[in-house]
Each structure stands twice: as C-alpha cells, then as structure tokens.
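> Pasting in a structure now, in structure tokens, and then I'll have a few things to ask.
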Ligand SMILES: Cc1cc2nc3c(=O)[nH]c(=O)nc-3n(C[C@H](O)[C@H](O)[C@H](O)COP(=O)(O)O)c2cc1C
Ligand SMILES: Cc1cc2nc3c(=O)[nH]c(=O)nc-3n(C[C@H](O)[C@H](O)[C@H](O)COP(=O)(O)O)c2cc1C
Ligand SMILES: Cc1cc2nc3c(=O)[nH]c(=O)nc-3n(C[C@H](O)[C@H](O)[C@H](O)COP(=O)(O)O)c2cc1C
Ligand SMILES: Cc1cc2nc3c(=O)[nH]c(=O)nc-3n(C[C@H](O)[C@H](O)[C@H](O)CO)c2cc1C
Ligand code: SF4
Ligand code: SF4
Ligand code: SF4
Ligand code: SF4
Ligand code: FES
C-alpha cells in the first residue's frame, strides 16, 4: 500500500520536477528502478559475524602490506594493512579478535586478493562514542586530509579511489565546487538514500568538511528527483551561509556518473580522459561525505556501511548495517536467504555491479548493495549480429559508437579502437541495456581496453 | 656499354622496329579497312533509299557528303541517274547515350523512305528496340512512308527528356503517340516501356530535318 | 616457380602446365587480372571468343619477343619497352580484325586497344617472360591464354544464355524463358563474375 | 556549362569503373582501406589529368599532324608510362612525404586500362584540349568516388560474416554489381 | 613510304627522347634504399595488382623487408615467389630445429571443477574478466579457444574435453597462440622435449585438489624421482622440468599421483 | 544451495525488453494498412504476390542458412519484411515467377552473401526490385488501373502519376494520390495508409525520425524551389510528396536500420542525400521515379557516413582530442 502511494507521490513529484526543469545531461537511459523494494525500509544493524575477512586491497592504487601476523590479537579499528604509497589507503579491522590467517581469498572484484582473516573474540566490539561536533571551518585542510587518510576512507560510490588523494588537489588545478553525489542512479540500490534520511546532519557536515579541505566556495548535493523525501529532509538543514545548494536531478541513468553529474550541476564538461579537478570540481559520494564527517570528528574508520540487499531472489529485502569484512553469505542469511529461483549474485547494482561465483566474498568498504536476480531475469546470452539500429549510439552518454566498438573487438580489430575513442567509455552499460540484439558491448570494450593497454607496454 | 646508352638504344630500336611493323601492317590493311567503311556507308544509304542504285560520288570513290560536318547528307541516284532521295545521318542524345541513324527521305523532303539505326547504347530489350528486329512489328519499320511535313506546329517544348534542348522553333515534322494507334500520317507509335527512347528518335529526326531543309533549300 | 617450370616444360607433360593456367593460377579467378575485358565483352560468347583469341595472340607473340630480348633490356625502360612491343602487336591485331572481320571488330569496340594495358599481358611479361627462356615463356603464355579464354568463354556462355536465352546466337532456351536483360548490363557482369569467383573458391577449398 | 556536363558525365553518370569497366583490377586491389583508396584516387586523378593533356597533344601534333593514326596505342602508352615513371622518380626524390601519400600508387596506374581508355575515348570524342582536361579530371574524380565508396563498404564488411569463398574479390565484385545496379538510376541525366 | 618513314622517325624520336629522360632521371633521382628491396622486387611478378593489400609490388617489397608484410602475401607469385623471398630475407626454414606449441594444462571439462555458469562473451580473453569463465582454477585453460582462432595454420583444435590440441604436423611455431593465451599456458618447445608438467597452478595442494583432478599439488614426488639431479625442481607450488638436462622418464610419469606429468609422442612423417 | 552454480556475466545484468523480432513484427504490423489498400485496389492478385514474395524470401533465407550451417533465423521476421516490402514495390501484374526471382535475389544477393541480417550493405528488398527492373524492364513498367479486376478486361493498362506528369504533363488529383486511386506498385499508391504505418512506427520508436523528416523535408523544399522557379515545367511539391514510392520509401525503406547510418548527423545527411537524389532523378533523369535508386545509392555511402559523422565525444574539445 505504502509503496503504491510512494509511486504515485513520486510520479507527481516527477511531473512537478519536469516543470521545474530538472538538471541532467544528454542521452542516457530509463531502466526500471525497483527502488520501492527497499527505499522505505529503515536500516537494520546485523548481528556480528563470527569471522571477518579484510582484503588488503579495497581501493584503487597500491595494495596494502599486512600490518599484523597470524595469531595477533586486534581490537576494533586497529590497522591491519597499510602502505607507504600516497595512492593507497589503510585497512582496519571492523571487529576485535584474533588473526587466523593472512592468505589470498576471493574478493568481490573477481580475483584472489591477499586478505586478513580474523576470528571474533570476547573483546568489546563497539565503536568509540561520538565526539563533540566542531565548526567545519575550525579544521585546517591538512587536519581533514590526515584524518581521512588515517581512517582509510575511499570513494564509497563504487570506484574506491582513496579519498585523501581526491582531497589534495594539485596547485595548478584549484577546486571551486564540491558536488556530493547522492544521485544513486543504479536501479535497486537505496543505501545512499537511507543514509540521507537517517543521518542528514552528517551529510551536511561532511560536505562542509570536504569543501573546507579542497578550498571550494560552493557545494551542491545532487539527488535524483525520485527521492523527494531526501530533498525535503535536507532542505531545512541548509542555511544560506553554507553556500550549499540542493539539486533535484532528472531520474535518468547514469545520472550519478561523475562526469554526467558535473554536467548537470554546473554545466561543465570534464575533458575526455580528464578528471573532475580539470574543471575545478570535486565529486564525492554522499555516504563518503558522512564517512568524512565521522572520520574527522570522531577519528572513526570505515568499519561498517549500509548495504542494500535486494532483488527478486532474496526473501526479505532490507537495508542492513554491515561490518566490513562480513561474508555476504551471512548477510544473505540475515535477509531470509534466497528464494528458490535465485541464480545470480551481484555486488553493486544491476548496471555496473559484479556477478559473484561464491558467497564467501566479504562486504568491502565500497559495497553498496547485494542484488540477487532470479532465473527469469537473466537472459541466456545469445548475441545476435548488430542490426545498426543506432539505439546504443543514442543511449551512450559519452558520445561513442558502442556498436562499432563491440564489433571491432568481436573481430579482433583492436588497432582501430582508438579511432573510436574506446578509452572514453566508462562502462556504464547503457548501450547494452538498450540493444535489441542483446550484444554485450561492455564486455567487449573491457577486453579491447585491456588489449590496448597490454600492447602499449 | 654504359647503362644510359643501353637504355636509349634498346628502347629506340624497339620503337623503330615496332613502328616499322605497324606502318607496314597499316599499309597493307588500310585500303581494306577503308573499303569496308565505304561499303558500310554505301550499304546504309542504299538500304534507306530503296530506289537508289547509285550515289553522288566524291571523285568517283566515296559517296559525297553534300551536307555539313554536323549533318552529313548523301544524294541517292536511281537507275536513270535521277535523284532518288537524300540519305542523311541524324544524331542526338537518347536515353543512355547518343543515337545515330541513317534516314532516307524523298527528294522533295516530304516523305521518309526508311530509317536505320547505326549506333545506340539504349537498354537492351527496352530502348534498344528502336533498332532490334523482333517478331512483332519493328519500331523502325514505321518510318517507311511516314509523312515528314508536320500536321500541326505545336511546340515540342514540353518534352522533358534531357540533353539537346528541343527549341520551340523546330516544328514537329513527325510525332510519336503512346498507348494508342497512330491515326495521322506523320505519327508513329512509341515503344511501350521505352517512351523516352522513342521520343528521342523522333526529336532527333525532327531537328535533323529542320537543318536538312536549310541545307537543301 | 620459374625454375621449376623450366624443368617441367621439358620433363613434365604439357597437361600439367595447362592445369596451372586454367585452374591453379587462372589469371582472372586466381590472380584477379584482366578483369576489365572479362567484364566488358563477355555479354555474348562470340565477343568472348573474340577478345580471348585477340588477347592470346598478343600475349603469345609479345611473350616470345620479350623473352628473346629479356637480357638486353635495362630495368628502367623495361615497362616502356614491353608496352611498346605489346602495343605494336595490338595495333596489328586490331588492323587485322578491322580488315578481315569488320563485324567482330565493331562489337569488341574499344576493348581491342585496351589489350595493350590488359594486366595479364604485362603481368606475365614481368613475372615470367622477362626472366625465362623462350620455350618456357611460350608455354606459359599459351597456358595462361587458355586460362583466360576458358574463363571469358564460360562467363560468356552464362551471360548470353541468361541474358538472351541463346548461345552463339542460337536460341537454346525456349519461348517460356524471358531473358534476364540484366545479365548483359554492367551489373550482371559484376554479379556473374563475383558469383563465379565464389564458386571457384568453393570448389578449390573443397578439394583442398 | 559544357565543361560541367562533361565533368559530371565522366565522374558520376558514366563512371569509368561502374559503367565502362575500366580500371577494375586496381579497383578491386586497392579498395580495402579508405586511406589507400584516397591516396590511389588522388594519384589516379593526377595521372588522368596529365594523360588528358598529353594524349591531346600527341594526337594533334603527331597522329593527326603527321597522319599516323595507327601509332595511337603505342605512342600513348609509351609516353604515359614513361612520364608517370618520371613523375614518380621525381617526387620520390624531392617530396618523400608526397611520395608516401601518392607516389607509391603511381606504378599501379601506368599500366591500367582506365588511363589508356581515357586517352582513346578523348580522341574518339574529338574534345578540345580544355574539354579533354575536364574529361580527364572528371574520370579521375569518378574513379576516386567509386574507390572510396567501395573502400568504405569493404571496411564495414571486415566486420561482417561473409562466406569464406566470397571473401575478398568475390564480395567486392558482387557489391560492385549492386553499385552498378543503383548507378543505373542516373541513366538519362546527361 | 613516307608514312613508314614518318612513323619510324616519330616513334623512334619519342623512344629516344623518353629513354634519355628516364636514364637521366635514373642517375639524378635515384634514391638509396635497402638493397634487399630491389631483390625482393625482382623476385615478385611485378603485376602491381595490389592484391597483397599494398599499393603495388614495390610497396609490398618494402614492407616485406621492413618485416610487416607476409612473405607469402603475393597471390600471383604463389609458393615459388614466397620461397624466393624467404631466401632473400634469410628466413632459413630447414636449418632450425622444429618447434611445436605445447598447451600446458590438462584440466578440461572432465577434470576441472566449475565455479559458476559463465554467460559472457565466449573468448578466453573475455572470460578472464568474468570469474575466469566459471572454472574454479585461476590458472588453467578456460576452453574458449582463443588459441584455436588465432592459429593461422589451423594447427590447433578443441577436443571434446574442451582442451586445445596441437597438430605437430601443421604447427609452424609461429607463436601466435602463445601470445593469444591470456593464461600463458602455451609454450614453444623443440620436438625433442617430450615430458611436461601439464599444470600452471600456483595454488597450494588442497586448493588445487578441489579445483582439478589433474593439477600439480606440489607433492614433490617427481622431484624425488627425477632421473637426474635438479632435473625436476619445485618452482613455488609447481613442479618444473629443466629440459636442458632432464630426459623423459617413465618412472616420473608413473609416480605422479595426479598424472600431471606426461610424455607426449610426436608422430611426424 | 551449495551445489547450484551461480550465473556470472559482465555488467550490465539487466536488458530492455526490446528484441529484434519485436521490432520486426512491429514493422509488419505497420505495413498492414498498406497491404490492405493493395488488396482493395488490386484484388486477389495482391494477396498472391505478397504471399509469393514472403514465402520465397523466407525459403531462400532458410536454404542459405542451412547450407552455410548457421543458425536458422527465419522466425525473426526480417525476411518476412523483405518479402512484404518487395511485393509492395512490384507492379500488380508482374508474373509470380518473376516475383520469386526477385525474392531470391533480394535475400541471396542482397542479404545473405554479406553474412545475413545486420551485415548487408544494401536494402535487400530494393536490391530485389532493382534487379527485376533491370531484368524485366518492360514488365516492371507496365501498370494497371486500380480495381482492374472488376472492370472490363480492356483498357486496364495505365501509367503512374509520375510518368503521366513527366511524359504527358498530366497531373493527378491529390485525393487520388492520398487514398491510392492510381496506377503504380502494389503498396505505394496510398499515401494515407503509409502515413498511418509510419506514424505507428514513430510511436513505437522503431524508426529513426530524422530520416523521414530529412527525406520528406528535402523533397518538399527542393520541389518547392523548382516549382516556384518554373511551375509550368516542374510539378508542385505536394504532388512530389504524395506521388510515387516516396512515402513507402521514406517510412519503410530509407529507415531500414541495417542499411542506414547509426549516428544522428549521419541520419540527417542520409535523409537529405536521398531527397536530393530523388529530385534530380525525377526532374532531370530519364526515369520518372528515383526513390529506389536514391536509397540504394545512399546505402552505399552509409559506411562512410557512419565513419565520418561520429558524434562529439563527451568532453572533447573541438575536433576531438
Ligand atoms: C555509470 C556510472 C554510474 C555511477 N553512479 C553512481 C551513483 O549513482 N552514485 C554514486 O555515488 N556514484 C556513482 N558513480 C561513481 C561516480 O562516477 C564517482 O566515482 C563517485 O561519485 C565519486 O565519489 P566517491 O569517490 O565518493 O565514490 C557512477 C559511476 C559510473 C561510471
Ligand atoms: C515525429 C517526431 C519528431 C520529433 N522532432 C524532434 C525535434 O525536432 N527535435 C528533438 O529534439 N526531438 C524531436 N523528437 C523527439 C525524438 O524522438 C527523441 O526524443 C530525441 O531525438 C532524443 O534523441 P537523443 O536521445 O539522441 O537526443 C521527435 C520525435 C518524433 C516522433
Ligand atoms: C534499367 C532501366 C533501363 C531503361 N532503359 C530505357 C531505355 O533504354 N529507353 C527508354 O525509353 N526508357 C528506359 N527506361 C525507362 C523506363 O522504362 C521508363 O519508365 C519508360 O521509358 C517510361 O515509358 P512508358 O511510359 O512507355 O512506360 C529504363 C528504365 C530502367 C529501370
Ligand atoms: C523500420 C524498418 C524498415 C525496414 N525496411 C526494410 C526494407 O526496406 N527492405 C528490407 O529488405 N528489409 C527491411 N527491413 C527488415 C530488415 O531490416 C531487413 O531484412 C534487413 O535489412 C536484412 O538484413 C526493415 C526493418 C525495419 C525495422
Ligand atoms: S559505450 Fe561505454 S560509455 Fe557508452 S553507453 Fe556503452 S558502456 Fe556506456
Ligand atoms: S543497440 Fe545493438 S543492434 Fe542497435 S546499433 Fe547498437 S549494438 Fe547494434
Ligand atoms: S587460449 Fe589459453 S585458455 Fe584459451 S583455450 Fe587456448 S589454452 Fe585454453
Ligand atoms: S598459432 Fe602458431 S605456434 Fe600456435 S599452434 Fe598455430 S602454428 Fe603452432
Ligand atoms: S584489365 Fe583493366 S585494370 Fe586490369
């Protein structure tokens, strides 16, 4: 019932939004969203697991070296892996216990990654209490960066780029704008949405801290128009002095991709092959902003996160507060287990998430969702030849010709790929989604990029 | 021998010998070839001028062109060595390319005797039927005995095929009709499915007749 | 190939060479040479024969000469020399046809002179006659000519049969058959040669 | 207007490759990549312009002037072949970049029937020198056009599932046939 | 008669003039280049057909010498020309010992355990991105046959067990498959190397056992039974044969508990 | 649980509902009004021709795919469309044997030699028609009056509105053009039925709107220019739009996705090019109608259009990187 009302409210809001001219970018797609499965379910904390697996690489960059040995005893928040390299981020244990093993273990990314396996013990498993909130302006940029690095913050929007690196803009690329990415354009996922609803003050506080850290004068929080209650809850918390603006974004995938978000928010185009800082913008995920707030104020590392467990393949879809390192098997069991037709386990959303072969993999910092698809939802891959319908060309937000890219890789004509700008593809999947011939362009593009990379070497 | 000398020598010798051969062969064949040409022309003239037995000669050898370079005209003579009619070569654009015809006309320029297509590149089975002999009545046979006076002088300006402009001054000496049987003595029936070629033939003849009259009179 | 062929002409039967010219190294289908006349004048069998024989005449005679003088010609004037020789023979053939067979000469149109630049001829000269003794060159020219004639005549048969229902002007297909005009047009030429080439490759691959 | 007509007729309506069957061998050989098609096309256009002028001069001053019509073929091909060879040597020495772009195609062209065809047709049609030049350039442009179109198609066909036996020359000829079918639409324009 | 004289004069004149020009140009404008180009060019038929994909024979010759054209790329020339070019280029075919590609994995569908149903692009390269194509072993053959497609000589085929099999007769050791295999399972070996460890897994024994019934579990039995000292050594978790010193040994094969080590028999005519 | 293997594949893990057969059958549906008009005006003959072409096309595709040992995809509907469209562009009185020949050529030479659906360069139905036009030029230009099957047997032959205009300078009334009461190919006569089908396709997003927009727009504008320049010599633009095969071509044939560009700019150029070509052929060529040839010619340069009209890459400055 509530869902029905929600949908009606949403569509009403959407039409209002249309009149207000929602901000957006060109092209993109409108997939089914299925957010109603979990968007109104308050986050529930999960009971502590017996054993956690902390992969020593949960970020883009240099992997960590183990900082503990087998049989060491660790306490919640202890660093278990670290690296001297700048583009890297320490990992912490999210539970107190004893190190059982340090060995390669299945990772959500698909490979085997060196991981620290910790068995919980009787020690205190709670986090340090919340500290007094200081004015964001009272921190120095350096303080914020140090705190963020120490807390092992990485981009929580999925990519997992170390946050302290992003908060250290080079001198010649001054940042004037911070955009907080709360678009959550991936279908099904609602963890960012819940985060805003449940901790709105932290969102604002985190935004202020990030603005301070990069020296930006202006902040935006971009939210897709299908989350009206998130917009409502944030609006009263903002004062004019904050220089933070709420943006209602058109509901369109991939609104949350940073280049698209920047285009929508400040109408700047990140140059091909460039980064947001090239146009003076810093983009951070909303859950990441909250994490920044907690890291700076409380010194709290990323020990737990909200994970949306959803899809037709799960008995009880939920938003769960999970400790990093928890095997997804336990999360799934907490949500009532699979329905009989469950066939595909995806970490992340349906458009960009990664299908898993095993339930042993742990939840990591950037895991925003566990999606379980059923037999009926997964189509047998039988790609037809491209019929040149051009739908993928119209869908591609990056202005590429996905049909050509796919066909070139299929015929192994890799040397022609650069002419078609293969490296500008962000693998958003819009092209594959719309393709009537069901061609797996993204998969081919991944192969093509890899081949080009290996040839360059 | 140095290379330069060798190059010059070899090429020159080869050139000299081959030109010698060609010239020799030319000397042998040229009379024959010219004879073929003459015969061909003569044959065509006699074919379109049924009564002609002889033509006005040019120094006793070739049929003499009494027209211009643009419109070649030959005078046919009958057994009594009287004028049996004129044969002229009409040429102009058809559907695909140039159509060239030999046409025989009575001495007073009022009646066509016959028409023979010398060259054309129309579509086989379609436009090419202006020249083809078929089991049905041949297109070109219609020209035998056709009046070439023009029954009315409606302008030919509405014809839309391309190429040579059919200026309004040129009267419709002969005309083509489509999908009906011709009922005037200066009308012929167009080939079904090849109206363009048919009209082109008619228009070329009209233009040539126009010039012919200027030459003869 | 060259050395081998020399041995073969003396030892191995001519049939083997013939197979090379007609099938293994067929100038049109295998080497894609001389396609222009193959396409342009194969609309009737008669024309095909005409162009085939004329080309063969030039190929054989000029191969003979080229092979004879091969040691004398320096590299830089090779092409010029060869073309002059070929042109001479073509001119003679052309004059001969015009004098003796005016009808054929007329229907072959401008393609007799173009034998001068028919890639087969210069190709065989460069590839073979200019490097081999007279006898071997003659054999090569003869078998290549056979290959060319066979190909154009086959194509001529197909095109004339489908395009006019006749072969050598003799009506073969009955009244019921409405000729496919397209076969005697440029498009039909391309299509039939393309399909012919496909069939040929198919057969060759099956054999292999 | 007359020049324009000659140009359009030679380049589109009576395209050398598609309706006169001239220069088919290089048309099949060098149409597999657009880049080489463009290079070849420009080289052909250049040689055709050159040929148009030279053949006219030879025709008027040697063949007609001295009444030696039977030397037509030999004289044309001799002069064209040698001059192209000279030009090739010249740009190879003086402009290596241009040579890489154009010159490498020159040897392919000397002995190509489109060139001689052009010279002979020009004589047959009794063009003036300027008309002949337009005819030559038009024919060259037409050749280039056909070559580039075919190259575009063949690059696309690299991605296609053409039966093995037809790959290469076979499918190129069939495509040329279909192109010739569609160029029939121009019939009667000029 | 005048015609003949005129013809001779004009033709001879033109020939003389042009050959003079050409000769002059040849002297003045000659461009130095690799002498092998000339030689290759001389070996080519000179048809300038463009069929090789290069614009003309001289271009083809240059590319052959530069090493980026196939030696047998000239269709009109055929096999004989190819042989001549090979001789000029010094590609000595006979003098080198024949090598053959060897696929170092025996974990086909029957032997290797599956981890998932792979529903992606059916090439090994693509499967590498998606859970290794659904086999539990992270090191073994994925069975989508990139090596088969890439072989220009049809020397590799997939068997029923979805393992690639090399036909030693057809294999020319061109190395295309070695490059193609994303798991680096294929190596070129002289035909006198016959005993191989058909596994590349670096996993520890128990993990290998779970993943595959013919994988190397690092039990060191082969090392102990090595016919010669250090003929077989452990390289991490994998046995490694030093072909330079270690002859094939039936005992080793027999003793290997997983039947990972095998001797191949080349049947060459 | 443990025993069952999960499915793995690359992202994205969800797809839209659209499939090739769905698109194809939508087009078949959109062709129904035109087919109905054909049957009304030309009677049972129309049914026969359409059925013959469809069956011949589907059979040819089946045989070809079987001999090549490829998956047989005759149920995807593309061969059916080719058959219907080929039938719709044939003269009503064409013999069924000729129709079969056209269908075989359409599928074999127009589609399968290139590798089948998606790989063909030229529009197969038009390849079939162009082949027939060149093969049987007379039969392909022999027209009958609508309702010939109820009238008296004589005087049934007629000319198409365009031929009447070109060769006799006779105009045809607009209402006749709209409902299709004129001579012509089976399915081209009724502009209204075709517009209906086109609108449905637009609504279903099965066709790229830019192509018919550019095509019809160009014909209208160029037609107007010539008409305004000399209305005694050139027909008016409305006539240009509704006469001949333009509507059928613009909505159903130029829009064939396989043979038209994929890029938006390419589609504009394609449409404009076809439009210019039609006007040139109609006004200056030897033929009264040029829709077929214009589309085939632009098909030929579609690969070039795709190559040279790549969309602007997001974030690229002028002229790419
Ligand atoms: C196709 C695509 C869709 C994305 N969608 C989202 C999204 O919905 N929400 C989000 O926070 N980040 C999304 N991202 C990631 C952002 O591009 C960007 O990495 C992130 O917002 C940066 O913030 P972070 O470093 O805090 O993660 C998406 C990326 C891509 C390529
Ligand atoms: C008949 C018709 C005409 C249209 N005209 C336009 C138009 O002129 N401009 C436009 O932007 N969209 C127009 N549209 C909307 C397009 O269908 C489509 O929404 C738009 O081009 C989106 O394409 P894109 O994603 O490539 O930007 C039209 C749609 C139809 C059905
Ligand atoms: C391939 C082809 C070839 C044609 N060839 C000719 C031709 O040679 N002569 C001609 O008059 N019309 C030719 N046409 C034009 C058409 O047949 C044209 O519709 C016809 O001339 C109109 O005449 P009608 O009113 O008698 O049908 C050809 C058409 C096509 C498609
Ligand atoms: C909008 C649309 C138009 C089509 N038009 C044609 C057509 O004109 N001719 C044709 O043979 N197939 C047509 N098809 C069907 C299909 O695309 C055609 O069989 C392919 O070109 C064969 O590869 C069309 C399909 C669609 C969706
Ligand atoms: S090509 Fe890349 S960027 Fe474009 S739609 Fe496909 S996945 Fe997205
Ligand atoms: S959406 Fe699919 S079928 Fe359409 S053009 Fe793109 S790849 Fe081809
Ligand atoms: S390429 Fe490698 S992984 Fe793929 S089939 Fe061959 S050996 Fe196996
Ligand atoms: S690709 Fe080369 S090395 Fe590998 S099997 Fe084939 S021939 Fe041998
Ligand atoms: S025969 Fe004309 S180019 Fe080869």
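Cβ coordinates come from backbone N, Cα and C, glycine included.
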> Which residue of A:185, A:335, A:435 does TrEMBL report at the same [4Fe-4S] cluster 1 site as A:386, A:389, A:392?
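Looking through A:185, A:335, A:435, the residue TrEMBL assigns to the [4Fe-4S] cluster 1 site is A:435.
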> May I ask you to report the DSSP-based helix, strand or coil state of residue A:392 ([4Fe-4S] cluster 1 binding site)?
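The three-state answer is helix.
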> By the count of other Cβ atoms within 10 Å, pick out the sparsest of the binding-site residues A:392, A:396, A:425, A:428, A:431.
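Lowest Cβ count within 10 Å among the binding-site residues (A:392, A:396, A:425, A:428, A:431) is A:425.
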> Select the closest residue to residue A:425 ([4Fe-4S] cluster 2 binding site) from the following binding-site residues, measuring between CA atoms: A:386, A:389, A:392, A:435.
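In terms of Cα distance, residue A:425 ([4Fe-4S] cluster 2 binding site) lies closest to A:392.
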> Need this for a regression test: binding-site residues A:386, A:389, A:435, filtered to those with Cα within 10 Å of residue A:396 ([4Fe-4S] cluster 2 binding site). What's left?
none
> Of A:386, A:389, A:435, listed as binding-site residues, which ones have a Cβ less than 6 Å away from ligand 5?
none
> Please list the DSSP helix, strand and coil residue counts for the domain '4Fe-4S ferredoxin-type' (A:416-445).
17 helix, 0 strand, 13 coil
> Near residue A:386 ([4Fe-4S] cluster 1 binding site), which residues of its chain come within a Cβ-Cβ distance under 8 Å, counting only those 6 or more away in sequence?
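Those within reach of residue A:386 ([4Fe-4S] cluster 1 binding site), by Cβ under 8 Å and sequence separation of 6 or more, are A:403, A:406, A:407, A:437, A:439.
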> Quick check for the class: what is the C-alpha distance, in angstrom and rounded, between residue A:431 ([4Fe-4S] cluster 2 binding site) and residue A:392 ([4Fe-4S] cluster 1 binding site)?
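Between the alpha carbons of residue A:431 ([4Fe-4S] cluster 2 binding site) and residue A:392 ([4Fe-4S] cluster 1 binding site) there are 4 Å.
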> Can you tell me how far the Cα of residue A:428 ([4Fe-4S] cluster 2 binding site) sits from the Cα of residue A:435 ([4Fe-4S] cluster 1 binding site), in Å?
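If we compare the Cα positions of residue A:428 ([4Fe-4S] cluster 2 binding site) and residue A:435 ([4Fe-4S] cluster 1 binding site), the gap is 14 Å.
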> Need the DSSP three-state call for residue A:386 ([4Fe-4S] cluster 1 binding site) to compare against my parser.
coil
> With the [4Fe-4S] cluster 2 site defined by A:396, A:425, A:428, A:431, which remaining residues of that chain have Cβ atoms positioned within 8 Å of the Cβ centroid?
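Residues close to the [4Fe-4S] cluster 2 site, other than A:396, A:425, A:428, A:431: A:392, A:395, A:397, A:398, A:400, A:402, A:426, A:427, A:429, A:430, A:441, A:442, A:445.
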> Kindly state the mean pLDDT of the domain '4Fe-4S ferredoxin-type' (A:416-445) in the predicted structure.
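Over the domain '4Fe-4S ferredoxin-type' (A:416-445), the predicted model scores a mean pLDDT of 95.
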> Checking proximity to ligand 6 here: which binding-site residues out of A:386, A:389, A:392, A:396, A:425, A:428 have their Cβ closer than 6 Å to it?
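Close enough to ligand 6 are A:386, A:389, A:392.
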